[in-house]
Structures are given as C-alpha cells and as structure tokens.
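Have a look at the structure that comes next, please.
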Amino acid sequence: MILLVCLLLLSSAYNIAFIGNDKSKFQFLQESFQVFSGQSKFNQYLSITEISDATLSELSLIIDSRDSEISLSQSMDLANKNEIPVLILSPGQNSKFLFFLESSYECITSTIANAVDFFKMTEVGVVWSYSQKNKIIVDMLKSVCDRKLLFVSISNFENPKEIEKIFGKMLKAEGIQDFLFIGDNENCNNYSKGLEASYLTRQGNLAIFLNECVYQINTNGAFILSKVGVLYSNTSTEYNFNMIKPYFSVFQENGLSTYQIAHMFEKVINPCSFDIVNIQNNKRVIVGKADNNDFNITNTAIYFGGKNETTRFSRPQIVISANTGFLNPPGYSNVYQNVKYQKGTYFAVEKVNKDRFYFPKYDLILYDKVDCGVSVFDANYSRDCFIKHAPHMGNAYVPTINTITINILKQLQSLKINIPFIGGGGSVSVLSNKTNFPMFTRMTSSSTLFTIAWSKLIDLYGWSNIMIFYTNDSYGLAIYEVMKKESLVEGFNILNKEEERMINPITNTSQLSIYYDRINSAINIGCNIMFLAMSDPSPFFWLEGLYDVGVKRGDFVYIFFSLTGLDGLNATGGNYTKRAELMHGSLFIYNAAWVGEFGEKVKKDYLNKSNDIWARSFFIDAVLSASNTIDFLLNQGKFFENSTEFMNAQRNTRMEGCTGTISFDHYSNDRNLYYFNLYNFYQDNASEWHGDAVLLISPLSPIYYTALQEPIFAQGKIPSDMKENYMNCPFRESKIQDSKTGEGIKIIVSVGLLIIATILTFYVSKKVKYTKIIPLSVVCQASFQDYLALGFTFVESIQLIAIGPSFIVFNRFLSNASEYISLNLSKAVAFRNTTFWIIFYSMLFSTYVWLLILVLTGFRICGFSKTACKRLEQIKVLSIPILSNYLFIPVTVCILSILACDKATGPDLTDTYLNYDCNTRCWRNKHLVYVVLACFLIITYIPMAILYRTLWQEDTNGLNIRANSKFLVLKNIVFVILIVIAKIIKESSPLAYSIVFTIIMLGLLIYIFYLKDPFNYDRANYILIIMYTCVVWNTLICTLSNSIEIISYPWLILQLVGWVIIISVGLFFIKKLPQNMIIVKRGREISDLFKFAFGKGTYRKSTYDATKVAE
C-alpha cells in the first residue's frame, strides 16, 4: 500500500470526465480510478455540452454512463472528432476511440445462441427483468436463436415468493427444462432462489445466468456466462470494480497520451469473451470459455442432480415410486402377491403417458427399486433401505397392501423423510388417523367400514350365529373390535370362545399345529359361518390347517378380509390343493373395483394386456389420483414436490377413477365416497376360478345393496348359520366316525351267540326223536296247515333275498318290498328311531311271551285252571308256525340289531351309538339291559324255534306236507349264519358278502339235492328248488353288479329274465310230475280253510264226512 501511494505521488495527474447524473456511480468510479492514479482529476458533467473546448483538450478519458441512442451518438462524434478515448458504461461494439464496458449485444446474444446449441436446448424459458439493455438482448435473441423461447418478464419489485409462483405457473407448468436468466443488480439472487423453490434445479434441467449474476448465484449445477476477470466478485461493488479494472489499470503508467491510452485499451480488452462459470459445491469454477464464435467446456462441469454429465429428456420427468417387488428382509420368505397387484401401477403409468390427459408436457416415471420389504418390517433393514432410495422416490409412493405400511410411515417420520403415500390397497383401520399419518391417503376404505357392511349382510343371508378368528396385529384387532361392537348392535352371536379367537400371524405351515385344538373346538360348535379377520397370508394358511384336521369343501362358508383373494391360492409356500378345496364358495367385501363408464373402459383396456384384473383397479387409481394432484398443482403454479402442498391438494381432489368418484374425508385418510362389492370366490365346472362381484353395496345411498348375481356356495345354496344334525341326531354327520371297538364287540358277540345257539340247537335236536318222512303215496285233501307249509318256502325265499346282497341300485321297488316283508333293518330307512323301537319291543316282547308259553305248557305250570292250560295250548299251537317259521328271520335280524354299534362320535366305546337310533348311546345304561335281554333271547329262541318247528309238524293233525327234520335244523342254522355275516360285513364289504352269500346258498341248494326229498311232497320239493334257485340267481346278479360298474338297466333285465326262466322251467317240470297227491276241493273259500284248521270239531267232522262221500 505504501508503494502504491508512492507511485501515485510520483505519477502525473490524468484529467477524467464523467458524464451522467448518478452521483453514487461517479463516486465509485472516482474512488476506483484513484486506486490506479491517485493524483488524477475526476470531474462530473451532466452532458457533453457542458464540457468546454479548453477542458476537452486536457481530458485523457471520458466516461459516459448515459444509456440512450442520443448519448451514444454524441459520445461517438466526440471521440472521433477530438480523438479522446470514450468509455461507455453499457454494451456495445468497440471502435478506434470508442470503447464499451460490456460486450456488444450481438456478442452477448451470439454467445447465448452458442450455449443453447451446445447444450442442445429445445425450449428455453427466458426470465428477465425490464431495462433498456435487457430488452435489447431479449429482442435480439428472438431473431438470433432458432429455438422455441418462452419469455417471462419479472418486475424488479417482486419478491421471491411471487417469483416462485410465476416460475411454477409459467415455466414449470409448460414443461420447460432449460432456463436463461437475464438480470442485474439483485435480481439474479431472487431468480436463483425462485428456481430452487420451484424445484426446477433437478436432473435434466439446465440454467444459464449472465454477467452480474456471477456473484449472486450459489445454486449447484447452474452455469454463468460472465466477463473475464469478474469470477471472484462477491458484491456489486467488487463486480463493478472488476469490470472497470482492465480499463483503469492502463492509467498506472504515467504520461500516456490519448492515442496511447486508446491503443492500450485495444490491446488489453477482448471485446467478446466470457468465462463459463459452473457452481460446484457452492463454489464458482471456470469450466470453459465462450465467445460469439465458440462455446467450449474444457473442464469437468457439474449439472443439476449432481452428475458430471448432462442428462437430457425429451420431456421433463415426474417421478413416483412403488415397491413392486416380492423381497422381504433377509431371513424371511418372499411374498409374490404384491408383484401382481402392482401391475396395475405399471399399467396406470403407461396410461398417463399415453393419454396425456394429465401434465401433457411431462413424462411420468415409476421408480420401482424400493425393495425395502413387502410384508415383513425389519426396522434396521427398512431404515437403511429407505435412506438409500429416498432421493429417488420422487413425489409420491405406492406402498404394498400389507400392514408394514404403518411402521414404515412412522419410521420415515422419524427420519424426516416426507413422501406422500397413496395406498392402492390395504384397509387397516389404524391408517385412517390423519393426525398420526399425515402423509397417507388410500384408494380403499377402512376395514371398519367393511366390517360394518358385513354386520348388516349377516341378517340379509338369514344368519344370526358366526365364528371369528383374527390375527394379533393392528389389522385383525381393529376388525375384531368392530365385529364385537356390531354383534351387540345388530344382534348376531359370536359362538367360538373369546380366548380361542386370536391367533398370531401365520407365515408358514409349521405354525399351524398349535391351533388344531381351537380348530376342532370350532368344528364342534356346528356353526357354518367362519370370519377370518386376518392379515395376509394368515387366512390362507388357516385354510390349510382346517384341511389338515379333516374339514372338507362345504363344511364352512369363509369370510375373508384380505385383498389377496384368489391370488392366495398359488401363493409361495402354500398348498394349492388344500386351499382350493376349502376356498370354493367363500365371500369377501371390499371396495368396488370397476365402477361406472370410466371404470369399465379402463377395465376393458387392462383386459387387453392381462386377464388378471383382481385388485388392479385400486393401484391404477392410486397412480391416477397422484397424477391428478400433480396436474392440479402444476396448473395452479404450486409445487407437487412440496409434500405438504401435495397432501393438501390430494385431500381436496375430486375425480372419476376406476373405482368410482375419488374424494377424501377431511378428517381422515379415507375416501368419503365409496361403493363396496361383495365378491364370491368359486371354481366352475371347468376348474376355472372366479372372483365375481355378486352384490353392490352403497352405504351412502337410500338403496343399501343391489344384487348383481346369485352367489355360488359350496353347499349348493345359501347355507344356514348352524349345521343341521345328522338324521335328527344330537350330532352332525361330520362327527361320525367308525368305531373299531364297537365293530369288534358286535362281531364277537354275534359270532358267540351263533356258536352257542348252534350248539344248543344240535344238542336239543339230538334229544328229540323225529318221525322219518315218507313220500305221499295216497291222495289227500289239502289242509290249511299244508298251505302254511308251502307258504313258509315262499316267505323264507323273500326273506333270504332281503338279507342277501343289496340290489337297490337296479331294482329299488323289489328291494324295499323284500325289506319290509322280512322286517329287515339293515337297509330300510323307515325302520329307524321310533319305528325301530316299536318293532324291537314287539319282537322282544312277543318272543319272550312265546317262550314263556312254551315253558308254561311244557312243564304244565298253569295253576289250578284247566281252562287256562287248554287256552295256552291252543295259543302255542297257533303261534308256533308264525314265530318259528314266518318270523324266524325277522326276529333274529331285529334282536341282533341291538348290537349294531359300529359308528361313534368320539374315540371311546361309550361314544358309539345305535345305528337305528342315534339318540341311543351304546354300552351304557338301558342299552346294556337291551343287549342282555337280546343275547339271552337269541340263545333260547333259536334252539326253541327250530325244535318246535319240527315238533309242530310231528304233532299237528291234518298236516300232509312234512319236512325233513334234519333239513329244518340245518336250514335255520344256515339262516342264522347268514344273518350274523350280514350284520358283520354286508355294508362294509358288499362284494365279499355277495360272494360268501352265494357260496352258502349254493351249498344249501346242493344239500337239498343231496337229501333228494326235503319234503314228503314232490311238488313242494320242486317249489323249494325253484325258490332257492331264484335266490341264488339274484345273488349272482348282485355279485356281478358289485364288481362291474355299468348302468343299472342290464342287471334289472338279467334279474327279471332269470327269474322268469327259472320259474317257467320249474313249472314245466312240475307239470311233468306224476299224479298230485294233494287235492283241493272245488268251491271252498279261503275262509273255509281257516274254519277247517281252527274251527270247532263239528265243522271239521262234517267237512271230513263230506269229503269222504265225495270220494
């Protein structure tokens, strides 16, 4: 500084003239000049005319601060005429003695044009503040630059906030990516702040500032075209000093003439040269040079977005993001449903870009790399992931459908990451809270509303009882609480135990076993309606658990609350077979998916890409509503990048989407206009799955619901809420199980009784002497007893057919007829409950009475009344053919039926029930009494019936047709064996029973041939063979029917044709027999036969005499 002062003192003085009325500028220039020439004179004049000729001759330099065409002309004349250097403080083209502080307008505009070409700008927003100089530049740019230019003039008095609005509405809304700022004084700073506040300093955009902006701009990535030498200016004063410095520095040399000054000006001043300054890390860096001929960046430049290379887009980009993947944090299984639903997000982005309805000057970009977990929230993993992706997530985020959204929102709030979340799915009620989750809205309604809708539909379907299971998370808990409250309001009952309703979220099958007891408990309740208030994927694993414990299709109607729907069938880690078995006929309430004309149109467009449309509409609307909000803010000159402004606009939006009118409740994060659909999941005959909307629910409309189509239920119709008991039993069919113990006892007792009865029968038979039968050799008059004897054969054959193999599948009428005739209780449905007990009591009582009569008459225990003894003898005689022949098979079948306890409702023996009356529990209480009575009866009745059948024919007068006693004993033992075998295997192994029955009957038939004459009457023998052959033929047909599966008609035809042939052949042979030894007198009525057999002796005698006379 001392040296400088010394130089100034030593130098000779220069005389400088300043023309203009700006005193502050005069003072600045004077002080600046004195830095280089301290002793010089510096005088101010208002105009050139004030300068005298004498003064002109002494001047070394004239500085003209006036900015007009007249002043420029005057200065030019003065300079050329007097050969005095004139410095004009405005842009212009230098000449011999005329110099300009700034480059010429042609230079400036040409350099700008070169910059536009270099950066390949196509549409430039030119922001300028009015001044004469700036207006000239703007006017010249219009002719020089061949690009589309959008000029925005901003008043010097506008503040940054107003500038923001102007930028937003006039530049941003038009999709301008490139900006040129022509400003002076303090305008550049406001431009820079407005640019940043408008979120225009983003990747793909480019901004160029001019000259004086060099000291006002610190926006990273911005470019400045500044005069050489002004880079380090930090204030307006420094900038002006650096601008004037090249001229004033010439005067450091003493004693220069005006010619020398002009020459040195020409030498040190480049009239058209600029530094290309780039803001990097808030510092100014020269990255290249530019002039009117060339624009060249030679050093590394940093652009908006922080990259060192420019990124040019055909249109500016608006970015939204979504988690469209399937990845969960390491160590957790992945979930793939989200990928399917987010296809709607991709489709919507494509639609926005294709239709150009929203922000037509922009491209919508989806950032789909946010793989921070789909269904599992890991705090550390999520934090690191979102911090990594947050800079790229754009202006809105479409989350997954899972409840982890709650935790993510809380975490992002703590990280100060404010990104609007627009849920395409997910209805957990916690997210309705606007205060706790200010950055969230969703296209679907709260699960609370779905639950309320269900509470009203329960009554619609005639249900009043339900069961519910819910997951121990925010989703399940919220639904359950509403369901409990609504049960009190609407009056339906939740039947499963309170402590068994909640389960932990299930993510794999290994977690199911701990809930099997709860599932079985629910099954035992008998309710058909099961609500699964569970977050995904729990309800689908729950179906697998139900399947594992034996639940079948149609056992329950399942009510889902998970948006996953049919996509849950093929979810990773799931069992399709189990889920498909139970999901058929299930129901689900959710927002209506495709509503109105617009919804149907978009649905049609989507179907051109994919047939999988389930839940896609909600994600489409998430993107469309975000686009609508962004478009609105753009047109309003507001900024969608501002999360607060975005959410305010989002909450005030009203638009038509795929799912109806989209608008939001001001007090929550939910929509305030909505429709619901009741969806029905079912599988058609071609095994294709459907998720049809069967009901439209309009909670805000006077018409609450509208039926769209009939739902499909696994039960075939709308089921009742409670299961119906099995055949009026106190339990359901699903509880019935085979009892091996009961079956074993039945077999052991039946076989034991058979053995004892057989032994007793043979023992008794050995003690009785029978008359050997002799074939009839004389003609006899037929008696009523003879008709009874022949009738035994026919009735026994019918009874054998009844206890034989079943042929109801091809001859129901004859099968049921034989069952009723024989009182066979194995198949006839009518012989159950009260009917069974009437028959059982009748058989038990009558048989015991008969046995008592036999005892009383056998031991002559009649008291003192001979009349009573005589009457008992008469009753015995009358009852023997009925109870020992006609009712032998029915009594045996009926009494042994008390042992039929092979079905049960539990694992214990006392859980078995009587097959013919499910209200009677076996092997306890009265059933044990009946068993004891039945066993004793069987042991005594069978031997006594066989014995007295033989004795009857020995003692009955007038009986001509007599049977071989051995045949009678063996035949009845065979019948008992067949009955016992039928009770054991007839129903469980029809084919095996058919074969055994056939073998036994063939053996009996062979035995008949072996005996030759089972009766003493030849025609009776033939009738017996015919009937037994018919029984064998029927058995063969049943055996074939049980082993070959064809239509029933051939078996019916074979059965009937075989019988016709057998009977016809038998009758043919009967006709060929010799003379009939039993004749029937003509004119006798059947009543006469009864009188003959059972009437008074006088009638019998007269009849006998009449017959004798006739002979």
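Each residue, glycine too, has its Cβ placed from N, Cα and C.
As the structure is a computational prediction, the values presented were derived from the model and not from experiment.
Below are the features I grabbed from TrEMBL:
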SIGNAL    1-17  signal peptide
DOMAIN    347-668  domain 'Receptor ligand binding region'
TRANSMEM  747-766  transmembrane segment
TRANSMEM  787-814  transmembrane segment
TRANSMEM  834-856  transmembrane segment
TRANSMEM  877-900  transmembrane segment
TRANSMEM  928-948  transmembrane segment
TRANSMEM  968-985  transmembrane segment
TRANSMEM  991-1010  transmembrane segment
TRANSMEM  1022-1044  transmembrane segment
TRANSMEM  1050-1070  transmembrane segment
Below 8 angstroms Cβ to Cβ, which residues of this chain, lying six or more residues outside the transmembrane segment (968-985), approach it?
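The answer is 746-747, 750-751, 753-754, 757-758, 761-762, 765, 796, 800, 803-804, 826, 888-889, 892-893, 896-897, 899-900, 942, 945-946, 949-950, 992-993, 996-997, 1000, 1004, 1007.
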How about long-range neighbours of the transmembrane segment (1022-1044): same chain, 6 or more residues beyond its ends, C-beta under 8 Å?
790, 793-794, 796-797, 800-801, 804-807, 809-810, 990-991, 994-995, 997-998, 1001-1002, 1004-1005, 1008-1009, 1014-1015, 1051, 1054-1055, 1058-1059, 1062-1063, 1066-1067, 1069-1070, 1073
Using a Cβ cut-off of under 8 Å, list the residues of the same chain at least 6 residues beyond the transmembrane segment (747-766) that approach it.
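Non-local partners: 896, 899, 931, 935, 938-939, 942-944, 946-947, 950, 965, 969, 972-973, 976-977, 980, 983-984.
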State the residues, same chain only, that lie 6 or more residues beyond the ends of the transmembrane segment (991-1010) and have a CB under 8 A from a CB inside it; answer 'none' if no residue qualifies.
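Tertiary neighbours of the transmembrane segment (991-1010) are 800, 804-805, 967, 970-971, 974, 977-978, 981-982, 985, 1021, 1024-1025, 1028-1029, 1031-1032, 1035-1036, 1038-1039, 1042-1043.
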